[in-house]
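As structure tokens, the structure follows; a few thoughts come after it.
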Amino acid sequence: MIILAIESSCDETGVGIAELSEDGTVTLLADEVASSVDEHARFGGVVPEIASRAHLEALGPTMRRALDTAGVGRPDVVAATIGPGLAGALLVGVAAAKAYSAAWQVPFYGVNHLGGHLAADVYDHGPLPESVGLLVSGGHTHLLHVRSLGEPIIELGSTVDDAAGEAYDKVARLLGLGYPGGKVLDDLARQGDREAIVFPRGMTGPRDDPFAFSFSGLKTAVARYVESHPEASQADVAAGFQEAVADVLTRKAVRAAETLGVSTLLIAGGVAANSRLRELAEQRCAEAGLTLRIPRPRLCTDNGAMIASFAAHLIAAGAPPSPLEAASDPGLPVVRSQVA
């Protein structure tokens, strides 16, 4: 079965094509992405209207490249991110997917963007066993219990304020590093001393929810430090901030796996590309005897391949197609795998 999937939840226009074999194996055939990030950079963040217009312009050419790469004429299924995400951006991808579904007379699946991030790892490491999932991106930070990609995902905890990726962008802006801030801040942090400045770790007290996160206080602490220490090394500030984020994320994720008695930790989402998070997760999983799975950096960021993978797992589990009347949902919770 050939599955074509569209991703348009934010500022990446992605088209992925995957093959679902009879034994449940999912093979990636094409992964094409067009980004409008440069158009948003001068505004210091994503502008929803610009993102929607960019999807309209990029979707056709990206679709053609994906079909050519895969050598596919007509897929057996069309899928799309139906939420969460920017309302206008989602509408572009969902409307296109429905149109292709109707024109090709094949089923349509509207699936969850966040589940897609988890499913991306399958391309690199094969079938996913029962896992604790740490999903970290610009708009989301969740701890999840993933029994399988075809079953409902259970949320263990999430951020009570800023997402981890959002904190990265805000601190990068504070340091004058521009937007998007994730990679440039990561690069700067590698030049600094992560022990030189110790920033607070939110939600880590004995009375705090062990599976909840908070990064607003950390962001404020960095701002106050920079204001009161104008001579401070930017590299040390970046390293101290990054260490605080990676410390909290990995500490809570490993604790969740140990609490549930699960032997695999999956880290996914855009922030999963961060070098220190990957390094510290590897160290702590080794100490705890856990298997760590993180997709290659390209599959951590938004793409259509991950949506194709998640749709494939839902189909293999017997999920019904979504009706063409299904509406996109900008606030779709992670526990809803699809809109059916």
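Each residue, glycine too, has its Cβ placed from N, Cα and C.
Neighbour density for H113 (Fe cation binding site): within 10 A of its CB lie 26 other CB atoms from the protein chains shown. DSSP assigns H113 (Fe cation binding site) to a helical segment in the three-state reduction. The Fe cation binding site annotation in Swiss-Prot covers H113, H117, D302.
Here Swiss-Prot flags L135, V136, S137, G138, G139, D169, G182, D186, N274 as substrate binding site. Cβ neighbour count for G182 (substrate binding site): 21 (other Cβ atoms within 10 Å of its Cβ, all protein chains included).
In this view, the densest Cβ surroundings among the binding-site residues S137, N274 belong to N274, judged by other Cβ atoms lying within 10 Å.
Same-chain residues with CB within 8 A of the center of the H113, H117, D302 CB atoms, the Fe cation site residues themselves not counted, are E7, S9, T81, L114, G116, S137, G269, N303, M306, I307. Residues L135, V136, S137, G138, G139, D169, G182, D186, N274 are the ones the record ties to substrate, and the longest Cα gap between any two of them is 18 Å.
Taking the Cβ of D302 (Fe cation binding site) as reference, residues of its chain lying under 8 Å away and at least six apart in sequence are, in sequence order, E7, S9, C10, D11, E12, G14, V33, H113, G270.
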